[in-house]
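Summarising the annotation, TrEMBL assigns signal peptide to 1-19. Feature annotation from TrEMBL assigns disulfide bond to C29-C46. Per TrEMBL, the feature domain 'Cupin type-1' maps to 59-209. Taken from TrEMBL, the feature oxalate binding site applies to N103, H108, E113. The Mn(2+) binding site annotation in TrEMBL covers H106, H108, E113, H155.
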Amino acid sequence: MKVLYFLVSILALASVSFAYDPSPLQDFCVAIKDPKDGVFVNGKFCKDPALVKAEDFFKHIDPGNPVNALGSQVTPVFVDQLFGLNTLGISLARIDFAPKGLNPPHIHPRGTEILTVLEGTLYVGFVTSNQDKNRLFTKVLNKGDVFVFPIGLIHFQLNVGYGNAVAIAGLSSQNPGVITIANALFKSNPPISDEVLTKAFQVDKSIIDYLQGQTWYDNN
């Protein structure tokens, strides 16, 4: 009898271990009652394995052009750019920086990022959550250095060298998503209420109007 109870307990624990919700692979996926009205699943539909070829897993990346207001260009290789990444839980991006170029504060809502510097010198950092009192962790990285940005935390990279810089970012999702903080707050569609932003930032409405009137560049 003790053996039977032991086996039942093991099976119960096993069922709990495997009962979990899948991680989202896009901003939202609203349920519907009739599958025929659906447009896509959590992720991408799969190609017939018999039709898969080597090219499905291959992509060439050219250097990005960082000549813009931010001085940086992100070239993503997510599942939308490389279909072979579907269901594999990884992706990457190449980031090119002009001198003093910035990859502005942003988050990846669905992925942790690990950054490797290929050329140049970058000042990088991330800010922890409110519960951790918004601590700032920073580091100056040189060629060959690696730094990790935990999932969902605001982070940035600034070229502090005298020449161009290049980095490769690996991400723990086929579609990690990107939310650039300034763009989300001051370039949302439709705009966020002045009342919300003036109270949140404790500034006059004229400042919010000025910020909302700026051209917020997207380097992705």
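Heads up, the Cβ atoms here are built off N, Cα and C, so glycines get one too.
TrEMBL labels come from automatic prediction, so no person has curated them.
In space, H155 is the closest of the recorded positions C29, C46, H155 to H108 (oxalate binding site), judged by Cα positions.
The Cβ of E113 (oxalate binding site) has 24 neighbouring Cβ atoms from other residues within 10 Å, across all protein chains displayed. Rounded to a whole value, the Cα-Cα separation of H155 (Mn(2+) binding site) and N103 (oxalate binding site) is 9 Å. Burial estimate for the disulfide-bonded residues (C29, C46): highest at C29, by number of other CB atoms within 10 Å. Across the structure, N103 (oxalate binding site) and C29 (disulfide bond) are spaced 29 Å apart at their Cα atoms. Looking at H106 (Mn(2+) binding site) and C46 (disulfide bond), their Cα atoms lie 31 Å from each other. Cα to Cα, C46 (disulfide bond) and E113 (oxalate binding site) are separated by 26 Å. When pLDDT is averaged over the domain 'Cupin type-1' (59-209), the result is 97. What surrounds the oxalate site, by Cβ distance within 8 Å of the Cβ centroid and not counting N103, H108, E113, is the set A93, H106, I107, L115, F149, H155, Q157, A169, L171, P176, V178 from the same chain.
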